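Taken from TrEMBL, the feature L-threonine binding site applies to Thr36, His68, Arg125, Ala145, Ser188. Residues annotated as ATP binding site in TrEMBL: Arg59, Ser147, Ser155, Tyr243. According to TrEMBL, the feature domain 'YrdC-like' maps to 14-208.
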Amino acid sequence: MAASSTAPRPGRLIDSLDEAASALRSGRLVAFPTETVYGLGADAFNEASVASIFTVKGRPRSDPLIVHVASAGAAEALVRLGPGGLELMRRLTASFWPGPLTLVAPAVPELPSAVTSGSGYVGVRVPEHALARELLQRAAVPVAAPSANRFGHVSPTRAQHVMDDLAHHPILVLDAPPADCCGVGIESTVVKIDEQAPPHRMPHLGGRVSSSCCAAAACPRLLPAAARPSPLPSQGRMLLTHYSPDLPAYLLRGPQLLAAPPPGAGSAPLSLGEAVLLDFGGRLAHLRPAAAAYRDLSERADAAAAASGVFEALRWAEAQHAAGARCVLVADVEAAARGGEAAECVPALADRLYRAASGVRAELVASPGTGGAVAVWLLPPEASV
């Protein structure tokens, strides 16, 4: 659990774009809202400032940073592509920028190696959020910015989330009202443009922009992201354990109660009364009276709506430890999601929840002779796949 303290903290909320822009140019770190999540920004060409991002977040130096810019032209100035790659980039940017799409391409040699983690590639995007774009225009520098949170913790979608995680560092946090902040709610989709090894790959699915959208717009040979992440220590967003709340989280295999613990289940079950339920489409609503706390990500099983609030919900869930909660149980969003346009968001939403739970699944078991009590049994790793 993150340490709490009443001592003054050097981190500070601000509402002045000019102050934020000046701070970036002078080498300070500034957290700012985007349509996806809050980013922790530094001038991408200021090597010392970029290095401080890793220190403040506790982020491995092997994990490269996305660079945010005010225009497609500014993005092109940061990459080295031949005519074919540049044409593809322009088709994608014309369709999806400004917006939650990050394009990864060979970096210009002037970018500090801390930005690319020595990979020779850089991710670039033009955010859609009005405050972010105005900040980038006023700062007039490309801004390297990962999510503004403790590394591995739930991504921040509110200024207060950033303060909760990082205010013990001397950063500035550009405030924005929750109603006008991080509406997509999860990170951007990532597409890698590699002229030496086509087809082009989508290593990470994010909000709104899907593989089918990208293929239709520009690249029919685009390979989709993997259905489940594998541990890749050089790419934080691809780690199996990521977006994790400070309470252990588990994925429920189903809403039904079993009569007996499944084979190989752990020997020390939790009680449903100690669990926070994060529901989807009302699948777990019948268990609400027995749980420590309950919240439905989307009563209509709308994956886009659920994605827009999933990180805020995970932070709410971890805060229930004050009321005695010991774990978070998450409904199976893939089983309940409805069709239509929102269905495009299901894989990205399921991915975030899968990794918030480190891929660990659980079953609910009725406890005989206990007046209807329900136990939570964790499944062994081989049963969690």
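Keep in mind that glycine also has a Cβ here, set from the backbone N, Cα and C atoms.
Just so you know, TrEMBL annotations are computer predictions that nobody has curated.
Because the structure is a prediction, the values reported are computed rather than measured.
Its Cβ placed at the centre, Thr36 (L-threonine binding site) has 30 other Cβ atoms within 10 Å.
Tyr243 (ATP binding site) sits 17 Å from Ala145 (L-threonine binding site), taking the Cα positions as reference. Listed in chain order, the residues near the L-threonine site other than Thr36, His68, Arg125, Ala145, Ser188 are Thr34, Gly39, Ile66, Pro100, Thr102, Pro127, Ala132, Glu187, each with its Cβ within 8 Å of the site Cβ centroid. In this view, Tyr243 (ATP binding site) is surrounded by 25 other Cβ atoms within 10 Å of its Cβ, with every protein chain counted. Using CA atoms as reference points, the binding-site residues Thr36, Arg125, Ala145, Ser188 were checked against Ser155 (ATP binding site), and the closest is Thr36. Counting only residues at least six positions away in the same chain, the Cβ atoms of Ile66, Val67, His68, Val69, Ala75, Trp97, Gly99, Pro100, Leu101, Thr102, Leu103, Ser188 sit under 8 Å from the Cβ of Arg125 (L-threonine binding site). Across the structure, Thr36 (L-threonine binding site) and Arg59 (ATP binding site) place their CA atoms 19 angstrom apart. Within the set Arg59, Ser147, Ser155, Tyr243 that the record links to ATP, no two Cα atoms are more than 13 Å apart, and one pair reaches that distance. When every Cα pair among Thr36, His68, Arg125, Ala145, Ser188 is compared, the largest distance found for this L-threonine site is 12 Å. Sorted by the number of other CB atoms within 10 A, the binding-site residues Arg59, His68 start with Arg59, the lowest. Under a cutoff of 8 A between CB atoms, and with a sequence separation of 6+ in the same chain, the neighbours of Ala145 (L-threonine binding site) are Phe32, Gly39, Leu40, Gly41, Ala42, Ile53, Leu65, Ile66, Val67, His68.
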